[in-house]
Amino acid sequence: MRTLWIMAVCLIGVEGNFFQFAEMIVKMTGKEAVHSYAIYGCYCGWGGQGKPQDATDRCCFVHDCCYGTVNDCNPKMATYSYSFENGDIVCGDNNLCLKTVCECDRAAAICLGQNVNTYDKNYENYAISHCTEESEQC
């Protein structure tokens, strides 16, 4: 069910920041974003519950928390401006909400890149039913 939901979001959210975030992930990790992170652990992908399974999953947990602080726009559909400069992601929007969304995505992509060595194929396509431990607070 989670796979179908993510596929639907991919098709519906073509104009949203999904592809912007995916591009950041590819640049920072060298991994294909959808295949590697769309259904990973308890937090990478749509929604999340339980305890993050590893450092990679924790990056996604923190990203979810960051999105929770965004006001005045939908972070999953907001389109922002950014660039890649000298190996870094630079968010360039003057709109505070869009800049915040970009900074959330930037921080998560950097985190995933810094923790690419913790990536565990056992958490790919991880069933949310395994995420039963009490969720941490943001």
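The backbone N, Cα and C atoms fix where each Cβ goes, glycine too.
According to Swiss-Prot, the feature signal peptide maps to 1-16, an assignment based on experimental evidence.
Look at Swiss-Prot and you will find Cys42-Cys131 (among others) tagged as disulfide bond, backed by experimental evidence. Counted within 10 Å of its Cβ, the other Cβ atoms near Cys131 (disulfide bond) come to 19, all protein chains included.
Per Swiss-Prot, the feature Ca(2+) binding site maps to Tyr43, Gly45, Gly47, Asp64. The Cβ neighbour count for Gly45 (Ca(2+) binding site), using a 10 Å radius over every protein chain in view, is 21. DSSP assigns Gly45 (Ca(2+) binding site) to coil in the three-state reduction, outside any helix or strand.
According to Swiss-Prot, the disulfide bond annotation covers Cys44-Cys60 (among others). The local packing around Cys44 (disulfide bond), expressed as other Cβ atoms within 10 Å of its Cβ over all shown chains, amounts to 28.
According to Swiss-Prot, the disulfide bond annotation covers Cys59-Cys111 (among others). Taking the Cβ of Cys111 (disulfide bond) as centre and 10 Å as the limit, one finds 19 other Cβ atoms among all the protein chains shown. DSSP classifies Cys111 (disulfide bond) as helix under the three-state reduction.
The annotation active site is assigned in Swiss-Prot to His63 (among others). Shown in sequence order, Tyr43, Cys104, Asp105, Ala107, Ala108, Cys111 are the residues of the chain, 6+ apart in sequence, with a C-beta less than 8 angstroms from the C-beta of His63 (active site). Under the DSSP three-state reduction, His63 (active site) is assigned to helix.
DSSP assigns Cys138 (disulfide bond) to coil, not to a helix or a strand. Positions annotated as disulfide bond by Swiss-Prot: Cys65-Cys138 (among others).
For Cys66-Cys104 (among others), the entry in Swiss-Prot reads disulfide bond, with the evidence type experimental evidence. Around the Cβ of Cys66 (disulfide bond), 19 further Cβ atoms fall within 10 Å across all displayed protein chains.
Residues annotated as disulfide bond in Swiss-Prot, with experimental evidence given as evidence: Cys73-Cys97 (among others). Long-range neighbours of Cys97 (disulfide bond) (same chain, six or more residues apart, CB within less than 8 Å of its CB): Val70, Asn71, Asp72, Cys73, Ala78.
According to Swiss-Prot, the feature disulfide bond maps to Cys91-Cys102 (among others), an assignment based on experimental evidence. For Cys91 (disulfide bond), the count of additional Cβ atoms within 10 Å of its Cβ stands at 17 [all protein chains shown].
The DSSP secondary structure for Asp105 (active site) is helix. Over all protein chains present, the Cβ of Asp105 (active site) has 27 other Cβ atoms lying within 10 Å. The annotation active site is assigned in Swiss-Prot to Asp105 (among others).
Geometry remark: Cys65 (disulfide bond) versus Cys59 (disulfide bond), CA distance 10 Å. Checking each of the recorded positions (Cys42, Gly45, Cys91, Cys102, Cys131, Cys138) against Cys60 (disulfide bond), the C-alpha distance stays within 10 Å for Cys42, Gly45.
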